Each structure stands twice: as structure tokens, then as C-alpha cells.
Amino acid sequence: MAKELKFSEDARSAMLKGVDQLADTVKSTLGPKGRNVVLEQSYGSPTITNDGVTIAKAIELDDHFENMGAKLVSEVASKTNDIAGDGTTTATVLTQSIVNEGMKNVTAGANPVGIRRGIEEATKTAVDSLHAMAHEVKTQEDIAQIASVSSASEETGKLIAEAMEKVGHDGVITIEESRGVDTSLDVVEGMQFDRGYLSQYMVTDNDKMEADLDNPYILITDKKISNIQDILPLLQSIVEQGKPLLIIADDISGEALPTLVLNKMRGTFNVVAVKAPGFGDRRKEQLQDIAILTGGTVITDDLGLELKDTTIDQLGQANKVTVTKDNTTIVEGAGSKDAISERVEFIRNQIGETTSDFDKEKLQERLAKLAGGVAVVRVGAATETELKERKYRIEDALNATRAAVEEGFVAGGGTALINVIKDVAALKETGDVQTGINIVKRALEEPVRQIAENAGLEGSVIVEKMKEQKPGVGFNAATDEWVDMIKAGIVDPTKVTRSALQNAASVSALLLTTEAVVAEKPEENAPAAPAAPNPGMGGMM
């Protein structure tokens, strides 16, 4: 395939057109009075959204050079979304401003490498200032405010705050589609894993088809149980105690399973058997998690332990266990809080060290199960289009809230970015480096300017007036009032704001230092070949 090349000014201006087309589409959604964008789908109804990264990913331009510019901005939005989960529109607005101002200066003869140094220096100063002014998330009200601003819904804010309160900051909160029009919250207390009972004859509630065990002992092993004699001494001890038993094993087969079922049906003792969750090394780690949660010991060859020698002291315990055909839920395990805390910290360290996204996801699931359980937000809406839009908003709100828990929050509505301008302005360099600093100074005004313009006001007037206010006082575009943003509950997670700025500065600096662009040469449309006569149809009229 032949390639087409563009150099210097031609290359940069072509990419700039793509940057502007994507950014102009995305930035119309910024702020409380931002508009929606309708996205065509290959099938089904169109999607209506104001989610920056969703819009950015949907844009594909005909011109290869312009499309590369658009894709670089889309990359800024995606990376910000990956790191912080929100702030994608802000990142896009910042990128457009830095690129446009930078291009003007490079065209006028400035050295792009010097400009890049200035951009990097100013960005570092701005990020340090954001961290210095950040407030820690302390109350449920703080969480509700952050989620409300991100989703533009007080109801959603309260729902996410309630979910976080129930499962903890490290708990898993999943978002699913509801069959009704209402949005609700369900919480699975304790640890749940996706393994159900091995025989339906083990159920205790025939209506719900589930087995409930109150204050059970829990045998945890990575061995296969095929001979009932291996666990007979243990079963006799449990019968004497009069307590139910949950068996978590690699498998239960041979004579062991029917013997357990028969004794259960006779009323000798109450027992439920399930297979161990996970596979391979992950199975061993998950069994260890369950053991620590319940205060038991994993019966494994790795520790030199045999099933026939197992004692009641080596079993785990819990307040309640519920087993369905698909899942096992352990509520209020008897493990020590110190041991659980140590295990949580160990898994957190593993998350920080792993480079695999898949491993990280599995570790986070394990962390959540140990640290607080699982909350399910079931999103309801009247139509499929509204449902998609509401899901996007709730996902953004959830991500923003988690980001705020990590790094705190700052005044929202672009106010924090205006407040850090004075620290950036204090930087004194010379030549093109100073030009780069000035470009970032100008870009820091852009989110406020755009929020005001989307609200039908003159952006530059609002920006200048905000610079005269005390730090933290900003413009509430929803009510057209000047307020203390934090007291008014208009806040942004520090992680979201700083990620947007860092990613925008990084990609913009790369764009400005681009000297050549290589793209696929468009294929010329070949003339259509004349239709060949069909020999099998000769003579037919």
C-alpha cells in the first residue's frame, strides 16, 4: 500500500483540523447546561449522550491526516477515562487550547522543543498546586456531592454514597440494567463466589431452591474428596457439635457425594458441598482468602495437611452461608480483623505491582470481596436510549467518586484550574520556554470559558471576573450565581482534574513537535467491470 507524506506546517495544520472537529463536537457537552450529542449505531436506536470519551471514540474522519489529529485527542480522553474514569471533556478542551495556541507560535517561528519544555514545567506546577489545595473525602455527604455533580443528578449521588457506605471504598459496585423504570441498589453482604451446590438435595428452602446454613463450620481444601472415609472422623465430630457444614473442595465424587446427600436427607446432619472457585494458582489464592475471612485453614498438600487428620479447630466459621445453584455467599466470617487487614494490604500491593490488566481485575475482585462485599446498582429507564444515557452518567459518577476517595477533591466547574494560574504565572523563564508556560496559563481558563458559553454567557467576562474572586469562589452555571463552590457542593476529584491536564499537556506537546506525518494513500475508485453474460440463460425471454 502506497503512503502519503506531509511535512512541517502542512502536517501540523492537517492534524489541527482533526483536533478541532473532534474537540468542537465534544466540548458542547461541558457543564450543567452542556448539550447532548446523538451517535448513530450500526444497529438499533441511536445513542444520546454527553459522555466525552464515548463521543470521541465514535468519531472517524474521511481525511487520514485529519483523522490522526482527531484520534490523538480521542487518546487523551481515553487515557483520562482509564486513569480517573471522568474528566474526558475537560481533557479534550484543554488539549484543543494548548494545540491551537502552540501551533500559532510554531507557525510564527517559535522552537517547538522550547515550547514543550515550558508546557511540561507549567503543568507540573499546576498539578502540585492542585494537590496542595485538595480536600480529603471524609463524609458520606462529600461522596454524594461528587457523584451528584458528575451525574447531574442528586438521586444518583445519594445512591452511590449509600452503596459506598455499605461495601466500603474498596468494595465492588457493579452497574446492571433493570427490567423496570426505577433505579435501585442491592447489596450482597460478605463474600460471594460463583459456585453452587453439587446436589439439589442439599437445599433447605425448596421454594427458593437455596441452602441456608446458620453458624456453620466450613471445610476448605484444594483436594478431591472421593472416599468418605477421608473425612469420616471430622463428620463425627461435627455431628456431636450439632452444627451444619459447608464443604469447599476441588471436587466431591465417587461414594462421597451420595453418602453426604443420604445423611443429609436422613437428618443425620446438615451439609452442603460446593466446588472451589477459580482455577490453578488463582484457586489456591481464593481459598486462602476464604480461610482468612472465616478463620480457617486450607487443607492442602502444600502445608503437608491431610483430610483424615483434619480437626474442628482447622475449620472456618461464619454467621450465615447461603448457597444457590450458581453462587455461594458467606456472611460475617469469623476471621480476625487483623488477619483480614493484612491480607487486604497484601492484595493491594500485588495490584500495584502487576502489569497485566486481567490480573489486576481479578486481584481487585478479590480485594473487594475481602474488603466489603458487592453492591449492584440496577439502572432503570422508560426507553433503551434513556437507559444507555443514564448508565453512562452513573458509571462516570462512580468513577469520579472513587477518584476523589484516592486523591481528594477541589472546587469544581473549572474553578480550581483558574485558582492555580497565579502559581503558573509566577514561573519566570525566557524565550520559547516562557511561551510554553503562557500557553498553559491560557489553557487553564478554557474549561470555565466553555462552561459559561454553553450556558449562553460571554466566557471571557466570566473568566476575568473569577480571577478577581477569593480562591474557591466560582460561577455556578446551573443557577448563574457566584458561590463558594465547595460549600455549594460543586466539586471535582483532584485525580480527574490533574489527569485531564497532564494527559492534555502530554499529547499536545507531542503534536507540536511533529515534523512529518505518514498516512495511507486513498485508493482511487476503479471503474466497475461490465456484467458478464450468463451462459446458462441463453435463449430465454
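Cβ coordinates come from backbone N, Cα and C, glycine included.
The structure displayed is predicted, hence computed values, not measured ones.
Sequence annotations record features per position, and here Swiss-Prot assigns ATP binding site to Thr29, Leu30, Gly31, Pro32, Asp86, Gly87, Thr88, Thr89, Thr90, Gly413, Asn476, Ala477, Ala478, Asp492. Residues or ranges marked as region 'Disordered' in Swiss-Prot: 521-541. The compositional bias 'Low complexity' annotation in Swiss-Prot covers 525-535.
Distribution of Swiss-Prot features across the structure.
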residue	record	CB count, 10 Å
Thr29	ATP binding site	21
Gly31	ATP binding site	25
Asp86	ATP binding site	34
Thr88	ATP binding site	30
Thr90	ATP binding site	29
Asn476	ATP binding site	19
Ala478	ATP binding site	16
(request) Return the maximum Cα to Cα distance in Å (whole number) over the record's ATP-binding residues: Thr29, Leu30, Gly31, Pro32, Asp86, Gly87, Thr88, Thr89, Thr90, Gly413, Asn476, Ala477, Ala478, Asp492. (result) 20
(message) Check the DSSP secondary structure of Gly31 (ATP binding site), expressed as helix, strand or coil.
(response) coil
(message) Quick check: in three-state DSSP terms, what is Thr88 (ATP binding site)?
(response) helix
